[in-house]
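Structure, as structure tokens:
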Amino acid sequence: MAKKYAIVKELDEAVNLKDGTTVLQFETRLQGGLECGGAYLKYLRPQDAGWKPREFDNESPYSIMFGPDKCGATNKVHFILKHKNPKSGEYIEHHLKYPPSVPSDKLTHVYTAILKPDNEVSILIDGEEKKKASFLSAEDFEPPLIPSKTIPDPDDKKPEDWDERAKIPDPDAVKPEDWDEDAPMEIEDEEAVKPEGWLDDEPEEIDDPEATKPEDWDDEEDGEWEAPKIENPKCEIAPGCGEWKRPMKRNPAYKGKWSPPLIDNPSYKGIWKPQEIPNPNYFELEKPDFDPIAAIGIEIWTMQDGILFDNILIAKNDKVAESYRETTWKPKFEVEKEKQKAEDEAADSARLAGFQRKVFDVLYKVADIPFLSKYKHQILDLIEHAETQPNLTIGVLVSIVVIILTIFFKVIFGGKKQV
């Protein structure tokens, strides 16, 4: 069931993103995995942008949204910048294109976004760079921060006589005189011959001769009793029963509905597009106009619980973030990884033990097969030996198969060696 979680923490002092390097970093652990939900942070603008801490929700204005998000086809580490268009004054969400995927395990991972003064942003997961992009590149953000210089004219209309058909039916084409549109697709195969032994007078199904009317059957209430039908056993050994009919074959004269061939359209003008006009909202930009960060918020919808956040950091030096990764995240991650490895090995052992138990149950049944009675004692010894040393299960299986094959060949060849 989807639930919403929201919490916000105001900073003692707003962080200016316009000067120098800024590093955003935090750790998150998805204890139950992440099938459908978010584990991202929102870096909020100052409150004069129109929000209150006690009313923090999805509409609260933010500068950057960063972190894992996964549901359905979505599987990415978001990086979204809300940037103000200096011409229109409107705040627009700009999404990082082709962001990295979310790690699929249940361990703690550290996510880092480094905003550099050269308009570059680097996304790191566990200290490893997964994505590098330029804020001013149309190849890296959708929509791009810098709008296109021209846009399609919204008032331009396609002329009524504009022909977009590349091909048209040939107006001079004439249906051939021998073209028969009514000819069927299939006809009877006149060369077919009824198979010898075909039982014309035998039905495909007959009354079950072993069926008897139930003792509690009441003809007045239940109607006249009829025996259930079974397949006619005579038909199983014959090529067929009942009325024989010639099979159908494709009609060589079939041509279907006639239509004139296509030719190049002499009036073709191509696919119409409105003409381009100067974009009234175009502007040039040397650097993104970042709004400062005044608070950090967690505002997510998720289908799962157990999402942990830790060591949320905003720094002006990526060495500080690196130090936190080495001293706070890495030791924790190594411990979790070893613990997870031990749990996985224990689970694998339990599954293997369950599989072996089923194998032993089958082997005991094999030992009771009558034609193996002479070797029953030998097979039971092998099974008991394997139960005390489970790692020998495969070897025991091979041994028992060898015994069965030995008996089989003795039966086939009478115990004598082949020449």
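Just so you know, the numbers here start at 1 and follow the chain as drawn.
Heads up, the Cβ atoms here are built off N, Cα and C, so glycines get one too.
The list of residues near the compositional bias 'Basic and acidic residues' (152-177) in space but at least 6 beyond its ends in sequence, with Cβ under 8 angstroms from a Cβ of it, reads 258-265, 267-277. Look at TrEMBL and you will find 152-177 tagged as compositional bias 'Basic and acidic residues'.
For Cys36-Cys71, the entry in TrEMBL reads disulfide bond.
TrEMBL lists 135-226 with the feature region 'Disordered'.
Marked as transmembrane segment by TrEMBL: 392-413.
There are 14 other CB atoms within 10 A of the CB of Cys36 (disulfide bond), with all protein chains counted. All protein chains considered, the CB of Cys71 (disulfide bond) has 15 other CB atoms within 10 Å.
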